[in-house]
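Annotated domain 'RRM' per TrEMBL: 1-40, 48-128, in sequence order.
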């Protein structure tokens, strides 16, 4: 099962730069991909993703970034839209470079009314389901008395390989 991301190592740094300039923002199926330099993992950058709700339906991604950029470097941002109408659902995500920046944004913006908003926004850490939680749900599914077929779950997608 794909996790939706991957890594590519280039011998020549110019090739990496070309890949970023060519592919970043490309639309693949229903997703817009982000291509950038990988960052080494560390505790300071982990769990820096925020969930924002109560956004004005007219707010653009650029305006969302402007609102949050005062707290630090934004890695990615996204406003969720209705797939049929394309209208904002009033919900978004902001991933900061560092967790401390995300913490400051929560302190500064949670419960505030941004320009154009009639209600205060809610800013909190995005749910980051751990593998333990996923494993617990899977074991619960396998042991459920309502399950008709014992054994592993089979997916039809197998035949498309």
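Cβ coordinates come from backbone N, Cα and C, glycine included.
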(request) Summarise the model's confidence over the domain 'RRM' (1-40) as a mean pLDDT value. (result) 87
(request) Could you give the residue numbers and ranges of same-chain residues that sit at least 6 residues beyond the domain 'RRM' (1-40) on either side and whose C-beta is under 8 angstroms from one of its C-beta atoms? (result) 76
